[in-house]
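Annotation comment: Swiss-Prot describes G13, G14, G15, H16, A17, G18 as FAD binding site, evidence class sequence analysis. Among the features that Swiss-Prot reports, NAD(+) binding site is placed at 273-287, with the record citing sequence analysis.
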Amino acid sequence: MIYHEIYDVIVVGGGHAGTEAALAPARMGLKTLLLTHNVDTLGQMSCNPAIGGIGKGHLVKEIDAMGGLMAIAIDQAGIQFRTLNSSKGPAVRATRAQADRVLYRQAVRTALENQPNLDIFQQEVVDILVENNRAVGAVTKMGLTFKARSVVLTAGTFLAGKIHIGLDNYAGGRAGDPAATMLADRLRDLNLRVDRLKTGTPPRLDARTINFDVLAKQHGDAELPVMSFMGSVDLHPRQIPCHITHTNEQTHDLIRNSLDRSPMYTGIIEGIGPRYCPSIEDKVMRFSDRNSHQIYLEPEGLSTIEVYPNGISTSLPFDVQMGIVNSMKGLEKTRIIKPGYAIEYDYFDPRDLKPTLETKAIEGLFFAGQINGTTGYEEAAAQGLLAGINAALQVQGKEAWFPTRDLAYTGVLVDDLCTLGTKEPYRVFTSRAEYRLLLREDNADIRLTPIAHELGLIDDARWARFNQKMENIERERERLKQIWIHPQSEHLAVVNELVNSPLTREASGEDLLRRPEVTYDKLTQVAAFAPALDDKQAAEQVEISIKYQGYIEHQQNEIERHKRHENTLIPAEFDYDKVESLSNEVRAKLMQHRPVSIGQASRISGITPAAISILLVNLKKQGMLKRGEL
């Protein structure tokens, strides 16, 4: 049966990538359908109950700046908020929130159900319709066909998913959910490179059986941050602490003695796991010199007894998991509610994607999330947003859009994936960005909200608030420029208490704020520079933009130099075989990756500066040398 209505965009999957991918085109005015195997698990946190962190918090802010949902949802569901790296520079400061799983899922579902232009339908998808090399719809398990002008696939770990606990394994997309086996088989028939990855999750513990009295507490920040630029502390639910315990030699001995029952160490699992979130087995073996590892006991919500022991992800047998848990301080009598497990799943080589996340092989088919080789809710959501935007733009007949590396961490993420590919689950870090001083959490809206407005992703309220913030920043910077302190000023004594070396000549408020020891808050407590802005976001921008002005300008100059050829396009039909000066290795890599620009080509492993020069000369010779907006 063919459904009577033709959609502009169909999104398959209702996880973190799928929800953002569905909301974006709906906000842009396109008729959108979200297909999920279970509407009750929309926005489900399959692993750790947290959003944000180093690099990840930056992505969440970018999603929010573009009108996405994740930041708003966690502001309504976060039960502990912290600013990480708060003592370091603004480039690496990051917001992290512990989440109440139920509240988060409720926030996501409410947003989806109240979004105009978005329909939701519960059915497992078993096939993607492809006609004349273009995706035109999806087929569900009961034989119902939905037609569309573009399709976004966000299947997470469900494609041919296999769950491992000890030497036992079975098909599954995650605990309690079936694997998408039929869809995986169908996708393997398409002209796309497929491989396997692995991830894992720890056992869940019964809080009633944990001796919290002997454990160290970890509280959130006294001054609670918010994740969304439109957020408010008033949205946060009740805040509660986490607790900390540690593994010990007994724990490690048990793990070492059980490796013959580990699916990883016996070769049953073939997929590669996440480097930066290893299983406890991996940690014990890779860091054999350490006799202890810190484990965070994170509550899964305000209305549940489940606790997530962050740091003991494992696929060891259940009896070994019990031994691991009971070997740790405070957990001697703790019960396990859900066993930990590892899961293997299909993913597609992201080098087969355009930077818009459309597949190169099939027009109108977009991939987002873990099926592109990433790990993490935030990475998935950022991809979902980008894929949804471009699926919509394609239907509208408009030019595609994606952020560059100097504009957003989303740009770093996508460029790394599409240019270099990945053989292990990829996660974002601030260290992956060349221009991280420009890609801060605090300025994500300044970088991206005007673009979101042009694309039709944000409402009038957000746009008005953004413009008011920009006016506040400009007005305050100008005000501080105009206020001067002279050596004879009545305020000199107070100002000298703020600075490391007394003033010997006149200085403006801007001059003073450039000093490392002077903060905006301290400066505006001086009567001459009062009052401070009520708008805390604008005040933060004033301080950072003044204090780091020289460094920011230096990075912007670097970007301009780099951009001279970054955006030089390489036509899809460019024939590398005709470029005789290229080595066979370079030619083979360029033909394999098919970079869309000189900038992308330059980041492919093994592509030398000399090869880039040869490419530029040949593009010019063939009359193909042109720049594009990437």
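Note: Cβ is positioned from N, Cα and C throughout, glycine not excepted.
Cα to Cα, G15 (FAD binding site) and E281 (NAD(+) binding site) are separated by 28 Å. Each of the binding-site residues H16, R275, K283 was scored by the number of other CB atoms within 10 A of its CB, and the lowest score belongs to R275.
Among the binding-site residues listed (G13, A17, G18), A17 has its Cα nearest to the Cα of S279 (NAD(+) binding site). In three-state terms derived from DSSP, C277 (NAD(+) binding site) belongs to neither a helical nor a strand segment and is classed as coil. Using a 10 Å radius centred on the Cβ of S279 (NAD(+) binding site) and all shown protein chains, the other Cβ atoms total 26. Scoring each of the binding-site residues (A17, C277, M285) by how many neighbouring Cβ atoms lie within 10 Å, the top position goes to A17. Considering only the binding-site residues G13, H16, G18, G273 (NAD(+) binding site) has H16 as its nearest partner by CA-CA distance.
F287 (NAD(+) binding site) sits 37 Å from G14 (FAD binding site), counting Cα to Cα. Long-range Cβ contacts of E281 (NAD(+) binding site) within its own chain (separation 6+, distance under 8 Å): I255, L259, S262, M264, Y265, T314, S315, L316. DSSP assigns H16 (FAD binding site) to a helical segment in the three-state reduction. Closest in space to H16 (FAD binding site), of the binding-site residues given as R275, C277, K283, M285, is C277, taking the CA atom of each residue. Every protein chain shown contributes to the tally, and the Cβ of G13 (FAD binding site) ends up with 30 other Cβ atoms within 10 Å. Long-range neighbours of G14 (FAD binding site) (same chain, six or more residues apart, CB within less than 8 Å of its CB): A22, L34, T36, N38, V39, T41, L42, G43, L112, I120. Here the CA atom of A17 (FAD binding site) lies 33 Å from the CA atom of M285 (NAD(+) binding site).
Same-chain residues with CB within 8 A of the center of the G13, G14, G15, H16, A17, G18 CB atoms, the FAD site residues themselves not counted, are V11, T19, E20, A21, T36, G43, T154, G156, A368, G369, A380, G384.
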